[in-house]
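The next block holds one structure in the form of structure tokens; read it before the comments.
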Amino acid sequence: MKASLISEYRKLITTRMWWILLIAMAGYMAFLGAVMAWSITSAPVDPSSPLPPVTPELILSSVYSTAATFGYVFPVIIGALSVTGEFRHKTITPTFLAEPNRLRVLWAKLGASVPIGAFYGLAGTLSTAAAGAAVLAVTGHPTLLGDGETWAALGRSVLALTLWAPVGVALGALIINQVVAIIVVLVYTQFLEAILRLGLTSIGDAGATISTYLPGAASEAIAGGSIYTSIGIGELLPWGAGVAVLAGYAVVCSMIAALTTLRRDVA
């Protein structure tokens, strides 16, 4: 198993795509962190406004949780590519010849994706925090970087993004077609989940409860908040439950893949 883990990890870090996406994520999250900080601090103070006042809780949920809310598409994609890329380029055949136990190959890919997910989590979270804190400081608002609760929230953001990489691996093992996998990831992360959450929360308490178990909502629960909850769109699970839900998606998708797509013959 150790040899399989090392092999799969090397496959990930010897491609250019992982660090290209890492740089793209860092830049995008820095931009969003700055935008979020500017948005909540530049609005005029109006007691009659429906927007919440700038409080430490709002800064944590709207600025420092940005990476966990909007950045998880990057670790999901790199995780999915680690599987679908092998099927696309036909390298999956020698992989299965070297390790005939396909379930072991899947577990190795899941394990190897964890440190890569951690890299993405650190890059996305730190770039968000740096850019957001800079804007908060310039606009005369507290950055909260001296508060232990802030660093706990940032640490949980890293954890959430780390978990998304194995979710991507599981999804890639389930779909295997690279183009389809990327389309599914982009459509869900950028459009579908937000629509589902708005729709579910609008139909009552039962729908709102269901929405807390969506993967993006679980990610936000781990981080401890999001822009959605700060403006009153739904609630979140406790962060520990968020970890269980997100890990559960990876486990369930992996089990289905092991029983279906990974049992098929490969050329």
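These residue numbers are counts, starting from 1, taken along the chain as shown.
Placed from the backbone N, Cα and C atoms, the Cβ positions cover glycine too.
Pulled from TrEMBL:
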- 20-41: transmembrane segment (TRANSMEM)
- 61-84: transmembrane segment (TRANSMEM)
- 105-138: transmembrane segment (TRANSMEM)
- 158-188: transmembrane segment (TRANSMEM)
- 195-216: transmembrane segment (TRANSMEM)
- 236-262: transmembrane segment (TRANSMEM)
As a test: from 20-41, 105-138, 158-188, 236-262, pick the stretch that has the greatest number of Cβ pairs under 8 Å with the transmembrane segment (61-84).
158-188
Contact set, same chain, for the transmembrane segment (20-41): CB under 8 Å, 6 or more residues outside the stretch:
54, 58-59, 62-64, 66-67, 70-71, 74, 77-78, 119-120, 123-125, 127-136, 139, 141, 227
Intrachain residues whose Cβ lies under 8 Å of the transmembrane segment (236-262), provided they are six or more past its termini:
102-103, 106, 110, 156, 159-160, 163-164, 166-167, 169-171, 173-176, 212-213, 215, 217-226, 229
